[in-house]
Amino acid sequence: MNDRPELFRGNRIFLSCIYWAFVLYVFVPLILMILMGFKDSKFIGFPIRSWTLDWYKGVFDNTEVLSTFGYSIAIAVLSTLISVIVGTWIAVLLEGRKFLGRSVMFGMTVLPALVPGIISAIAFRIYARYLGIEPGMGAIVWAHAVHNVPFVVLVVMARLSTLPKSQIEAARDLGADPLVSFIRITLPYLVPAILGASIFCLLLSFDDFVRSFFLGGYEPTLPVLIFAKLRSGMSPEINAIATVALILTAAIGIWAERFTRRMNKES
Amino acid sequence: MTDQTPLVRIEGLSKHFGPTVALDDLTLDIAQGEFVTFLGPSGCGKSTTLRILGGFERPTTGRVILDGEDVTNQPPEKRHVNMVFQDYALFPHMTVAQNVAFGLELKGMGKAAIKRRLDEILSFLELDAFGDRYPVQLSGGQRQRVALARALAPDPALLLLDEPLGALDAKLRGQVQQELKSIQRRTHKTFFFVTHDQEEALTMSDRIVVMNKGRVEQDGTPEELYFRPASRFVAEFIGETNLLSGQMRGTEGDKVVMDWQGAILMGKAPDKLPGEGQPITASVRLEKLGFHAERPQTGNAVQGRVVGKTFLGSRMAMQIAVGDGGDALLRAYVDAETGQSVGNDPVWIGWEADNMAVLND
């Protein structure tokens with residue numbers, strides 16, 4: 001346990017101070033935000049004299065807010081499906097093969113992850129108009145999918161590189177052609193990576209503002225709706241919406257963490 | 001067995017990886033039901049041969065005929081050949097039963113037939129109780145048996161085994177060797193076994209092909225290889241031996257007469273007879289040397305002095321200095337009692353001419 005040498009005297013105390021400062025920095029704003037959603041007044045700020053659940057009732061009674069949640073989730077699911085299929089495909093093409101231009105192909109695949117959101121959003125907007133794609137769900141899904149492909153490629157390639165060659169050879173030896181051995185051996189091996197990448201894509205898409213804002217039509221996604229509401233002033237209603245979104249994403253994150261841990265234990 | 005057509009016919013097989021020649025013009029027949037072992041150090045071409053037979057490599061030149069059919073260009077899934085991989089390559093997301101049934105499903109067998117075959121092969125390999133387990137839940141020896149069950153289940157004409165005992169600990173290995181041999185006997189399958197472990201090869205094989213640098217050094221039964229090694233490489237690779245470097249003196253019947261440390265010795269002649277006066281090497285196994293107080297009546301006898309003894313339990317390893325300057329050493333195994341009774345006085349070491357092989361060098 002204690003076999004790591006101390007960097008300097010008081011190192012441990014110093015490190016734990018930094019750690020707790022970090023925890024406060026992350027959680028205090030979130031806790032404040034959550035608390036304000038229960039305040040029985042239109043103005044954000046202390047002191048909170050009386051508490052209410054009205055803001056939450058408002059969120060669940062407001063069909064606009066609810067449909068925005070649904071819209072964001074639909075976009076996240078669709079774009080994730082596309083990224084996972086395309087990304088896995090590219091990973092399988094690139095991993096473990098040597099061919100001319102492989103590194104160029106790999107570089108171009110990863111590039112979308114590095115282009116600043118605002119720039120790719122504007123580029124998408126112009127390109128979409130040029131192609132005659134209307135702003136709206138299709139355009140957002142397309143932009144999210146393209147943006148998320150690199151993450152899928154990286155995660156799936158990493159997993160694929162650990163698949164022993166003998167696994168595929170054994171499948172072939174037992175009568176499986178290349179396609180059957182891919183479906184029955186390679187794909188099951190990739191499931192944990194694909195699931196992990198999917199969760200990441202879902203959260204990235206659900207959270208995205210810039211692309212959704214530039215490529216959206218009249219219907220707002222959740223981040224765009226929150227932004228629009230902010231422009232007409234802070235209100236505990238926004239805190240309530242944000243808290244619901246926070247609980248939703250945290251739940252997915254925790255479930256994914258436990259699930260992948262179980263998968264890792266099994267294999 | 002030898003008069004019928006061979007199960008496998010390998011014709012002029014070569015494999016080049018860039019400038020390296022992994023396999024150099026191999027021609028060989030394997031009979032139905034044979035346990036053939038390809039033995040040699042790493043890089044000798046044994047694994048390349050195995051992978052070509054399995055369909056994982058294409059030879060640069062040459063053909064592989066299996067059961068009368070040219071399979072040289074057939075992919076692995078089309079061949080009536082199955083393999084036990086060095087790392088077993090069990091599918092981790094499938095149970096033992098699913099692993100073993102995999103090849104049966106792909107053969108297009110019906111559910112009932114698969115179930116029957118599965119039960120048969122699992123009980124044959126004493127794996128009945130493990131059908132529902134996953135590979136991670138098994139011990140090394142059990143995994144090895146599952147790999148064997150999976151490869152045997154589709155009833156292949158030829159079973160390839162790629163150093164399948166390498167991952168087992170020494171104690172288990174001996175037991176598994178016996179098991180493998182008995183499985184081969186009971187199934188009458190043709191086993192093509194690859195290993196670098198000479199002991200493994202000697203215990204299990206009907207026939208051993210010793211490979212070196214992509215070529216066959218010697219091809220014969222374990223006894224032939226052990227007692228009549230054709231080359232220095234084989235003599236040194238298989239078992240322990242005394243290598244006697246002397247001079248060719250001539251022949252006498254089917255024996256070669258040689259001069260070694262001032263003594264005239266006789267040994268079995270190699271394929272290619274060297275000329276008189278040429279330097280030659282002969283090999284005699286450690287356990288073939290006998291100790292005598294008087295000059296023995298054996299074909300070969302030299303006088304020497306014991307300079308070292310090592311107690312090995314059931315036997316004793318002796319070192320004997322021979323020759324004028326006492327600079328040539330012979331090593332011998334004797335039973336422990338004989339070993340203890342030998343003192344520092346000069347002794348006679350004797351062995352039969354039939355037990356010494358003059359090598360092709």
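Yeah, the Cβs are placed from backbone N, Cα and C, and that goes for glycine too.
These figures come from a predicted structure and were not determined experimentally.
Pulled from TrEMBL:
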- A:12-38: transmembrane segment (TRANSMEM)
- A:69-256: domain 'ABC transmembrane type-1' (DOMAIN)
- A:69-94: transmembrane segment (TRANSMEM)
- A:106-127: transmembrane segment (TRANSMEM)
- A:139-160: transmembrane segment (TRANSMEM)
- A:181-206: transmembrane segment (TRANSMEM)
- A:238-256: transmembrane segment (TRANSMEM)
Leading contact stretch, A:12-38, A:69-94, A:106-127, A:139-160 vs the transmembrane segment (A:238-256) - CB distance under 8 Å: A:12-38
Cβ contacts the transmembrane segment (A:181-206)/the transmembrane segment (A:106-127), at least three under 8 Å, sequence gap 6 or more: no
Stretch with greatest number of CB pairs under 8 Å, the transmembrane segment (A:139-160) reference, A:12-38, A:69-94, A:106-127 candidates: A:69-94
